[in-house]
Structures are given as structure tokens and as C-alpha cells.
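S.K.: Below is a structure I'd like to ask you about.
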């Protein structure tokens, strides 16, 4: 109903019409009492309250249309006003019905637009920046407490970072292994794809030709990127943080190589069908840019910012190092004393419950710091250096009232890869059937990869994260779904996240210290997968 119609219906209310008539009669006679003025004021306020929801609804609809049109227009242009070749390719494929035989519908692909990260926008508000200042003040107090306690215990200032030095030990091995991983990812996938693309249209058996090259690419993904970093990590007995660097880079490069091949195969197939003389291959520079760009979705071109703000880059890296020292002090002041004291009494339900609840605070702080250091500071630093325009690496996950929304907004970079290359491709492959199976596959893959990273980095298999993610996380995804909008559900999401991170920190830390205090002389494979916490009895 429009505002005009709404106003026209005001005459259907006899009480309001009578009040208006009495007021006008009194006004004409030149006599207006205070009582009549108050009645008129209440009448106007009531009408305004009735019109307010309708007015806001119409304004909201117009605003949504305006923003949608603006995004659609800006998506087709980069900052310099030049049309992005990827978008034009997508439009051509959308019009070409033959592309349906080659890949999932192209209109479902991710569209990159220039935008700031959400925290950069929020930090412009003084009230939000104050929360940031609170975390800095807390870090200062952690540092002061450590210095004071060390001075009281040792009688001198002890500025040692033994835990950091141990965690990032054997760093030269990390560097040369990373270079080998990077150079192989830069050369081998591009060479295989280029060789396949040039020979596909000329081959008398294109299917067999494609299967051979696909098998070679799979061997590279699993045999080279999948095996070599893991072997180096285990053979050289790297410490935990050094292991995390190599394993996370291993996973990132595998996902990058898959995206590059996945996005470019349809272009080669289209060119072969149309017998086009135009070379559909991207350049080495485009692939090299993609390997460093803070995204897992390949495009020939991305929105670019006009300049690089080197001061902004330095600030982001400074904040990363600040978060690193923050986590160090959390482990030093909150975690280490807790788990070192666990050995003073045998493992029991009481010890476990106390450990979980005492681990909630450090677990939540580590959650916030990990999110801020990597998803905001680290990715924004590389985005700024590469003039990468689309900075939406996360959304407002803290406002989530459902787990499905939390999974979509917590890590947009990884979510996009899983959504387009696992979920959407499975739906396309099975003709949009088995949606639940496709979602289950996404959860299973994510849970397995997370648990693989932790198992390799910690040198033991303790599937706490796998159980929480695969079973409880998936169940909450269906139970606490997008239909839950009330604030109480946001509280429930936060409470479950707090408890979950407390469980993860408690169980994995207990297992770590149990293996330190109860080592085995000749461990078998089963000893690596059997929890030591359940059988270890500390000797004093």
C-alpha cells in the first residue's frame, strides 16, 4: 500500500475525523484550549506511528534496489574504468548454451568488487576503536605482569622468549621447503595446463589426452604438494609453529592450483568447440599474481586500487607481530601454569571439567587474535601491496544468529573455494540433486583437512576438532539455521563457540603435556593415534 493510499484511508477512522472537525471548528471561532492542543498532538503522533513502518519499508525497498544496481554496475568495471575480461567471458558463456555441457553455470561464480574490510570501516567509529584500544591495554598488562613476576621470582628482569624460539625453530628448513613448494606450484601446473590446452584440439583422442594430463596434475597435487612438505615436517622434526607454516602453505597452494585449472578448462573447451584462433591461456604473470593474491578464486584480472599505502602495510605487519606476542603471553600467563599443574593430580572428570572452563578465556582470546592477525591484518597487508581491491575476507560473523551464517561469514576466502569448487560443482555434477550429500561432503572435507593439519603439526592424532566440526557443527548447522533471528540465538552461538574453543584448547594441551611427561621408548603407529591422556599416570 502506497503512502498516498494510506493517507487517503485516514478518512475511514470516524474518531480521528471527529477530532479534526472539532479542532477546525474551534480554530475558526478563535478559541483553542490547552486540552485541545494536547489532543491534536496525540492525534498527529498516532498517525505518524502508523505511517512509520510503511515509510521505512518503502525506503528500505528503494535503498536495496539502488545498492543492487550499484553493485551490478561496479562489478563490470575496475577502478580505471576498463571492463574486466573475466566478467565479459562470463557473460559470453552465459549466453552460449553449449557452455552448460562444460561446467557449472557461470553466473554462479564469484564477482570481485572494490571494497574495504569490515573492521577498517568499523575502526573509523570511535566506539569500536575503543575496543581495539582495550585489547592493546590488556597486552600491556600481560607484559607488565610477566616482567613483575619474573623480577619477583628471579630478582632480575627476564626478557626471554623461549617458547617463541622453540615454536619457530629450524626456520631455514621452512624457507627452502617453501621455495621448493612455491616454484613447483608456479611451474608444473602451468606447464601441464599449457601443454594440454595447445594439444587438446589437435589430439585424435581428446578424452584420453585429457585424462592423461589430469592424472599427471593429480599426481603433482597429491604426490608432490601433498607428500613432500609432510615428509619434510616429519623427517626434520620441525617444531609446531614451523610445521603450521608449511602445512598451511601446502593446503593453500593445492587450493590455488586447483582453482587455476578449474577456472581455465572451460575456456579451452569453448575455444576448441568454436575453433577459435584466439589463445585462451592466461599469462604467467596473471598466474603469478594469483599465487600471491589474498583469494582462492582465480580470475585473469581483479579490481585494483590506484596506489599502495606503505604506511598501512607496515601497520598491518606490526599488528601481526603484536598478535603473535599477545598469543605468546596468553600461553605463558594463562595456559602453561594451568596445564603444568594438571600433572599434580590424576586424570578425572573433575580435572577435565575444570580444565575446560579454565581454558575458555585463553581459547576465546586466541580465537580473536587469530582472526584479527590472519584474516584482517595479514590478508590486508598483501592486498595492499598487490593493490588488490576486494578486501571482503570476512563478514560480520560476530552478529551470527545461526551456525550456517557463521560458517559463511567467518572465513569468506575459504568458504568461497568450498562453495564453488565442492558444493556447487557436486550439485552441477549430480544435476542439482543430493543437496544434503553435497553439504555433507563440504563438512567432511573441511573437518578432515583441519584435523590433518593439527595431527601433523602436533605429532599426534586426537580427533577432537573433527568430532566437534563434523558432528556437532553439522548438527548445529541444521538445528540453529537461518530462520533463527532473535538475539537469544546470537547469545547461543557465542556460548557454544566459547565452550568449543575451551574444549579444543583443553584436550589438545592436555594431550601435549601427557606425551611430554609419559614418553614411549619405541612408539608404534597405534601410539600416535591412541590418546596418551587416558593412560598416562604422572610420576612425582
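Backbone N, Cα and C atoms are what each Cβ position is placed from, and that goes for glycine too.
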S.K.: Out of 277-309, 310-342, let me know the one Swiss-Prot marks transmembrane segment.
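M.R.: From Swiss-Prot, the annotated transmembrane segment range turns out to be 310-342.
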S.K.: Does the record in Swiss-Prot have residue 125 and residue 155 facing the same side of the membrane?
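M.R.: That fails: Swiss-Prot puts them on different sides.
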S.K.: With Swiss-Prot as the source, identify the stretch among 129-150, 393-414 annotated transmembrane segment.
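M.R.: Based on what Swiss-Prot states, transmembrane segment spans 129-150.
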S.K.: State the non-local partners of the transmembrane segment (465-480) in its own chain: residues 6+ outside its ends, Cβ under 8 Å from one of its Cβ atoms.
M.R.: 401-404, 407, 439-440, 443-444, 446-448, 450-451, 454, 489, 492-493, 496, 500, 503-504
S.K.: Between the transmembrane segment (310-342) and the stretches 129-150, 209-234, 243-266, 360-385, 487-518, work out which stretch tops the count of Cβ pairs under 8 Å.
M.R.: 360-385
S.K.: Give me the mean pLDDT over the motif 'FYXDWWN motif' (393-399), rounded to a whole number.
M.R.: 91
S.K.: Mind checking how the motif 'FYXDWWN motif' (393-399) divides into helix, strand and coil residues in DSSP?
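M.R.: Its residues divide into 3 helix, 0 strand, 4 coil.
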S.K.: What does DSSP say about residue 411 (acyl-CoA binding site): helix, strand or coil?
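M.R.: Looking at the DSSP assignment, residue 411 (acyl-CoA binding site) belongs to neither helix nor strand, so coil.
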S.K.: Where the record says 405, 408, 411, 415, 423, 435, 446 bind acyl-CoA, what is the longest distance in Å from one Cα to another among those residues?
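M.R.: Per the listed residues, the maximum Cα distance equals 22 Å.
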S.K.: Cβ under 8 Å, sequence separation of at least 6 from the ends of the transmembrane segment (209-234): give me the contacting residues as numbers and ranges.
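M.R.: That would be 173, 177, 180-181, 184-185, 188-189, 192-193, 195-196, 199-200, 203, 243, 246-247, 249-250, 253-254, 257-258, 261, 456-457.
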